[in-house]
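S.K.: First, the structure itself, so that you have it in front of you.
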């Protein structure tokens, strides 16, 4: 949902300056795991991670009909961030890397307000904000600019630029403000074009959102989806990759590198990587977000060597765009449609009859199934393996699909996969059936080979 008249946004005045560029093909930036969860109790942490993962799935599956992917970002639930420098002179902004959306934005101006965030609205000045008046290269996006059409999914200037109907050549109307609704939060502001300062490279006229207010969204977003205004598209990336450091949820600083490549070497594959093709969703008219997701062909799931009989309709998008599997860096736990989730959990329960179900923890956290492993000196869990189109297989370590919590002498382990019934009132229909979250891929090096339209991975030590 967007608003075309946002008077407070018009008070910003901007200056202009020449822009320079470089020709380096590889760009390397640290990528860091954010673990600031607003709870110290382990059971509350588990409840928080499960509920936010389900809420995000709800909006990935049911995006509003707009060009901006209306998917919730939970920066403090185990997402990954990078620091990008915008402006002249550069200002450093921490942004959540999100492959489930394409629009990039940051908190903006000294008057930025963030309600219901990790700090009170009166303490919003503690959130790093971009200050436009301190940059000589920033410009407000004009309404007639093609990039304004990207923001509002409107490629007819007359439909969005009412003041330009009779003076198209010298029209000074700015691009209408954006408002992104996330269900659990929102953000709004005006679109800018600004210099993005990367290591040894400067990108001029980069489209980015200057958000003046947010709710439940304390950090900005770097949109790495497949949209035309995403960061990879604007930089002309042929591929990008990163190694996902493990989730400890203990706020220990740790990072690896995000590598962005602007020059692909034909069909050359990275050593020891397994690859599966990226797929297209036969998207319904108006559901732009579905075309921006990274779909891959999950063909089979095995647990302890036993095939889970998942109906094909859940594994491949149908003519209405429903079904299939996507990879989403912004989701923590993996999501599965209720029917797929039931098949998977029933298989686990059947193979784990030697462990007592922790029903009280299931009721408390909403996660299931959970098992009490306190009395067991050793724990043996069946292996979860994902089989993809083209023969690629992902054999997952136990810590990638089970999460353990303890209270005094009681130790419980729960399946780190969620479904809709874990969040009452969130009816989830349509969209992808399976959303592979970042918890599932910790200690995996993943590669988005955009030039060859394939997704690659290998197990690694990303500590």
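Sequential numbering from 1, following the chain as shown.
Cβ from N, Cα, C; glycine included.
Note: TrEMBL annotation is automatic and uncurated.
The signal peptide annotation in TrEMBL covers 1-22. Summarising the annotation, TrEMBL assigns domain 'Peptidase A1' to 80-458. Per TrEMBL, the feature active site maps to 98, 328.
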S.K.: Distance between residue 98 (active site) and residue 328 (active site) at the Cα atoms, whole Å?
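M.R.: If we compare the Cα positions of residue 98 (active site) and residue 328 (active site), the gap is 7 Å.
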S.K.: Hey, what's the Cβ neighbour count for residue 328 (active site) at 10 Å?
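M.R.: Excluding its own Cβ, the number within 10 Å is 25.
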S.K.: Give the mean pLDDT for the domain 'Peptidase A1' (80-458) on the 0 to 100 scale.
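M.R.: Its mean pLDDT is 88.
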S.K.: Once the chains shown are all counted, how many other Cβ atoms turn up within 10 Å of the Cβ of residue 98 (active site)?
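M.R.: Taking every protein chain into account, the count is 27.
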